[in-house]
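A.B. asks: Can you keep this structure in mind? I'll have questions shortly.
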Amino acid sequence: MAAPVRRSVVFVTGNAKKLEEVTQILGDSSPYTLVARKIDLPEYQGEPDEISVQKCREAARQIRGPVIVEDTCLCFNALGGLPGPYIKWFLEKLKPEGLYKLLAGFEDKSAYALCTFAFSTGNPEEPVKLFKGQTHGVIVEPRGPRDFGWDPCFQPDGYDQTYAELPKAVKNSISHRYRALSELSAFFLQSNPTEAPSSPS
């Protein structure tokens, strides 16, 4: 019997590390094959959900087909949730060391990482669906490899290593991205029951 045909969905990213991580987490069970595309999208401002929906709608308009957009926030509780959705610019200017120093005057070093995946079928009449995951932790002096954003300064609760120091398999089983992708994957399988593999390959 022929294997089910996997449909493709465009994942908007120019970040090879992010694509690698998302592909690893989704695994072979997804009825969709990810196709990475770098698209120039406007830099929206507002609440995280609003930003995700706007970006996904614009990406779907450009792609004219199914599309996934990811947004990540790093929220410091002492700063009322900042940097939040603006973490990319904070990181570019401050690096992980600067993010750590932002909390130098605060006793509360707690933070949470929030990942939102927005999915559009490509049909502008249909609503954008959001899938969110959150991981709580603390901001620490940077440790570990510097090849993936703010990972060196975020230590998840229950661990004595930063995201950067943790083995990939461990990070991918607890991360904010993993939690959001679990929701997205469940939705894909639920909405494509006939296309999901009946047994592990």
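Glycine residues also receive a Cβ, built from the backbone N, Cα and C atoms like all the rest.
According to Swiss-Prot, the protein carries these features:
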| type | residues | note |
| --- | --- | --- |
| BINDING | 13-18, LYS55, 71-72, LYS88, 148-151, LYS171, 176-177 | ITP binding site |
| BINDING | GLU43 | Mg(2+) binding site |
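Set these features in their place in the structure for me.
C.D. replies: Sequence-distant contacts of ALA16 (ITP binding site), defined by Cβ-Cβ distance under 8 angstroms and a gap of at least six in the same chain, do not exist.
Counting every protein chain shown, the Cβ of GLU43 (Mg(2+) binding site) has 11 other Cβ atoms within 10 Å. According to its DSSP assignment, GLU43 (Mg(2+) binding site) is coil.
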A.B. asks: Around LYS55 (ITP binding site), how many other C-beta atoms are within 10 angstroms of its C-beta?
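C.D. replies: I get 24 for this one.
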A.B. asks: Can you tell me the three-state DSSP label for TRP150 (ITP binding site)?
C.D. replies: coil
A.B. asks: Taking the Cβ of THR13 (ITP binding site) as reference, which residues of that chain separated by at least 6 in sequence fall under 8 Å from it?
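C.D. replies: Those within reach of THR13 (ITP binding site), by Cβ under 8 Å and sequence separation of 6 or more, are LEU19, VAL22, ALA36, ARG37, LYS38, GLU70.
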A.B. asks: Using DSSP, would you call ALA16 (ITP binding site) helix, strand or coil?
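C.D. replies: Helix, per DSSP.
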